[in-house]
Structure formats: structure tokens, C-alpha cells
């Protein structure tokens, strides 16, 4: 893609995200979401492969439907209350429509079908944008409207997302699809706590974005898309593969790594809110995701030749990893000891 065009699309993405995050009026928030959608479409379809075009079409249709629902819920609320302010969403029907619209935007169950397909059809760098930056505006809208949302509906959506995200990721061999189901599972953790402690949702999102960025950039460096190629990629940059193992375990939420922090705090908050059964259930369901992270980790570093995959061995290259990956990897693995400081900042 032309660098100037690329720059325009990336700038538009940042602009759309900023407009939605900083707006008070529903129409401005909707405008930001639309700019975001239109800016990411060329980045998804830039390879001109039929699968990429299909992914862009699916993405456009679902996001357009979700944006229409956002507009519909805000208009319904304005009709009944006379308020266009985002924080004044008080009408129950509007809250329900908005929750389903945001679930569609994020890819929460039962509106999750588009996300793995779109991620599978996109390049790794675009997949990173779809998994992190594109999730921020809808989560911000949920954050701003959290006092008036329906707790039962969100808890059901969250538990279903964690269950299906873990369950459907078990059988995958394509790494981008595994990361898509991992994203759905993490969104379940964010959705369950948004009503009781919205700041924890944001903390969870930031740490999830940090760890996902590390995984995507590492995979982009070693040029790996399938489990079979991941098995032989250890010869390229062995030190990076060893760190990828730790980052995947951090994404799974194992102590003493960074990913354990949000899960620990969310379970603690849920038990404070007398939701111990929900906390137990969501913790048990996260074991499903743990299985496919362990599978990825096993393929990354523990599988050594000879093995049965018919795949060419990779040459070890002297290519050094970028500073960004080094910093992100360190943060993905080592932030748990400074959690008190993180909590004072958030």
C-alpha cells in the first residue's frame, strides 16, 4: 500500500477513536465510530486476496448494523428523556439496544461470529489494530453508560463469551483465529465487571492490549500464521520464542505474570458484590482458554524436531528484534510486582 494512503488511514483511525472517547454527545460518538470503520476497511482488504475482501465485507456489514443500533438507541433515549448526553442514557429499552450494539461492535457472544473470520482474513498488523485500538471506543461507551446498564444481561453475555471463547478456540490450528477466540474470552472478563467497577474493565483492557500487541508483533517478526509453522520457527530467533512462551502464559492469566493481575482483581471484586458463583464459573471457564494457550506455548518452544509436520526448517537469522517488542514483552511478563502502583494510577 502507498505510504501516504497508509498514513491517512492510520491517522483517521486515531482521529475516530479520539472523537468517540472525548465526546459527550451521541452523534459525535457515532461519527467517531463511523470514521474508525471506514479507516480500517482498506487496511483489512489491502492484500486483494478473496479472503481479505470477504473479511472486509463481513466487517463492514456488522459494524454498519451495530452503528445503526447505537444511533437508534440514542434516538429512543432522546425521544423519551430529551437528553443527547452519553452519560444520561436512562431509558431501559435504550440501554438494552445499546448493550446489544456494543456487543456486536466488540464481538461478544452471541454477536461474535464475524470476529474470527475477519481476523483470519486480515494481515497480522491489521489484526493487532482490530484486537486493540478498534475495541477501545465501544468499551469507552460502555464505561460512560455503565450505571444504567442491565447487570443480568451483561453477566450472561460475559459468561457465554468466556465459555464460547475458550470452547471454540480448542480446535483451531490457525493462530489468528486462536487469538480472536482469546479476545472474545477476555472481553467476557471485561463485560462482567463493568457495572460494579468500570475502572477494572479499563485496566483489564489496557493489560490485554499490551499482551496481545506483544504476541502479534512477535508473530509478525517471525512470520508465523499456523501452528505447524510455529513448531519450526524456534530456529529463527530462539530468545524471542522463549519470551513468546511467557507472554502466552501471561495472556492465560497464570501467576506470577502480568495477566494474573486483572483476573485476580475481578474475582476479588465479584466476591465483594456477592457474586461468588459467577466468579467461580468464569474462573473455571477460563481454564478452557488456558488449554489452547498451553497448546500454543507447547508448539512455540517445547516441540523440537524430529516431528511429523512436513515443513521446511527455517534458517536462523541475525535479525534483531525491535525495541518496541522488547519493552512490550518485559511489561507483559513483569508488571505483577508493581500492581499496587498500577492501582494507584488507574
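Placed from the backbone N, Cα and C atoms, the Cβ positions cover glycine too.
What TrEMBL annotates here:
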- 23-288: domain 'NADH:quinone oxidoreductase/Mrp antiporter transmembrane' (DOMAIN)
- 290-343: domain 'NADH dehydrogenase subunit 2 C-terminal' (DOMAIN)
- 5-21: transmembrane segment (TRANSMEM)
- 56-75: transmembrane segment (TRANSMEM)
- 95-115: transmembrane segment (TRANSMEM)
- 152-171: transmembrane segment (TRANSMEM)
- 178-196: transmembrane segment (TRANSMEM)
- 202-222: transmembrane segment (TRANSMEM)
- 242-261: transmembrane segment (TRANSMEM)
- 281-304: transmembrane segment (TRANSMEM)
- 325-345: transmembrane segment (TRANSMEM)
Margin query: Can you tell me which parts of the same chain pack against the transmembrane segment (325-345), counting only residues 6+ beyond its ends and a CB-CB cutoff under 8 A?
Written below: 203, 207, 210-211, 213-214, 217-218, 221, 240, 243, 246-247, 250-251, 255-261, 265
Notebook entry, point to check: Across the domain 'NADH dehydrogenase subunit 2 C-terminal' (290-343), what is the average pLDDT of the model, as a whole number?
Noted result: 80
